[in-house]
Amino acid sequence: MELLQLLSWACIVFTVGMFSTGLTDLKKMRESQSADNIQFLPFLTTCLNNLGWLYYGTLKQDQTIILVNIIGALLQILYIIMYYHYTKQKRLVMSETFAAGVVLTFGWLYFTVFLTEGDTRLSQLGLTCSVVTISMYLSPLTDLVEIVRSGNVQCLSFPLTVATFFTSTSWVLYGLQLNDSYIMVPNTPGIFTSLIRFYLFWRYASVNQSLPSYKSMQI
């Protein structure tokens, strides 16, 4: 098996595994019949990110990117529907979903109507998706600072940290093989944030002897 094909399968398996961690939240919602203590925006932003990368993969004709983000988008849509079913703040969820739909519509019009086909469209779309992905990887840094202050890692998910590390690493290597900086660069922060979380687990594990009772975080 060629290295590129091996990395392709690694990206598919690890990324789908990372997206599937949301099933933990889904299980909690079904058991409690409530969406309390579950964050909605990560589902919504991840769905938008999946759709953006799906468009990028379609323009690039990359079957790996297409397959991963189709599965990812379908899972996030499932999470969104179930969250709406169980939440008490249905009006807020609807307004946030509507705002995301407006952003998605304007983005689609910009990239399909105002930009010419070819390298310009692909590069600008890749840059946009990269910025969104980097911001999603870096957004939990404030939470990590709070964990350092409190010394409590129970708000982190160790399985999700492992999945994020291997997912980011496989995509970086995949992008390196394709010489595609739009794939390689935005996934690099995922490696570093995962390593920080591994350190926090190691550093504060002795303080939290009641592990594992990790709360799944959509990171």
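Residue positions begin at 1 at the first shown residue.
The backbone N, Cα and C atoms fix where each Cβ goes, and this holds for glycine too.
Straight from TrEMBL, the features:
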- 6-26: transmembrane segment (TRANSMEM)
- 38-58: transmembrane segment (TRANSMEM)
- 64-86: transmembrane segment (TRANSMEM)
- 98-116: transmembrane segment (TRANSMEM)
- 122-141: transmembrane segment (TRANSMEM)
- 153-176: transmembrane segment (TRANSMEM)
- 182-202: transmembrane segment (TRANSMEM)
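Contact counts against the transmembrane segment (98-116), taken as Cβ pairs under 8 Å, peak for 38-58 among the stretches 6-26, 38-58, 64-86, 122-141, 153-176. Sequence-distant contacts of the transmembrane segment (182-202), counting only residues of its own chain at least 6 positions beyond either end whose CB sits under 8 Å from a CB of the stretch, comprise 56, 65, 123, 126-127, 129-131, 133-134, 137-138, 140-141, 144, 147-148, 153, 156, 158, 161-162, 164-165, 167-169, 171-172, 174-176, 219.
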